[in-house]
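Swiss-Prot annotations:
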| type | residues | note |
| --- | --- | --- |
| BINDING | Gly37, Pro38, Ser39, Gly40, Cys41, Gly42, Lys43, Ser44 | ATP binding site |
| DOMAIN | 5-247 | domain 'ABC transporter' |
Amino acid sequence: MAKRIDISGLSAFYGNHKAIEDISMTVEPRSVTAFIGPSGCGKSTFLRTLNRMHEVTPGGRVEGKVLLDDENLYDSNVDPVTVRRTVGMVFQRPNPFPTMSIFDNVAAGLRLNGSYRKSELNDVVEKSLRGANLWNEVKDRLNKPGSGLSGGQQQRLCIARAIAVEPQVLLMDEPCSALDPISTLAIEDLIGELKERFTIVIVTHNMQQAARVSDRTAFFNLAAVGKPGRLIEIDETERIFSNPSVQATEDYISGRFG
């Protein structure tokens, strides 16, 4: 079941360096929220705080709260591994496990969790590949290496792998930046279908993509050179692109900087 995310007063650090500062927002369930802003403003850092991946970076730490349907993901008794099962992630470049078959790529998380019997794996793998709009393209070569697929197919394989463990939230960090236009369109169409089942957050440098796929858009920017990134504005996507409330948002969208 898709879940709502409430973030309050969140700051993230790399050692003594504060990367983002005092971010508060709500991400609605069964919707797509896009993060836009210039390079280095903390979009991807913030995205990684939502499933505690930021802590994997040496010196990475977080202050503030991230509530997933009222459960604080940063409570001391919450296991980060459990968080990452609940909040899945798709990275910028397709990263199928190179030595694994297509089938094993999708089944990897299920086997790691030990949550399915071997007899159930076939059905779950097929369901996940269908959910990623990839089944018809690979059903006759499931035992072939996932690395042999095209770039767009590899990214959809990674999405299938992410949704196989049934997360409630799906984070996407520039999922189309390494893909050609046709593959990008396939991923964008897939995002529109997946939001019926998941809460989706996407980081993108492509403002046209944000306008096409998202329901709400958040604009991030640096407070000043050398200062932490901050959330400048979040609103319905149509409003952000047609009548933003903050001048800096309009300047960025119109290409005056960034």
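Yeah, the Cβs are placed from backbone N, Cα and C, and that goes for glycine too.
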If you count the other CB atoms within 10 A of the CB of Ser44 (ATP binding site), including all protein chains displayed, you should get 19
Cβ packing number for Pro38 (ATP binding site), 10 Å threshold: 15
Of these binding-site residues, Gly37, Gly40, Gly42, which scores lowest on Cβ atoms within 10 Å? Gly40
Taking all protein chains shown into account, the Cβ-based neighbour count within 10 Å for Ser39 (ATP binding site) is 9
Which chain neighbours of the ATP site, leaving out Gly37, Pro38, Ser39, Gly40, Cys41, Gly42, Lys43, Ser44, have a Cβ atom within 8 Å of the mean position of the site's Cβ atoms? Phe220, Asn221, Leu222, Gly229
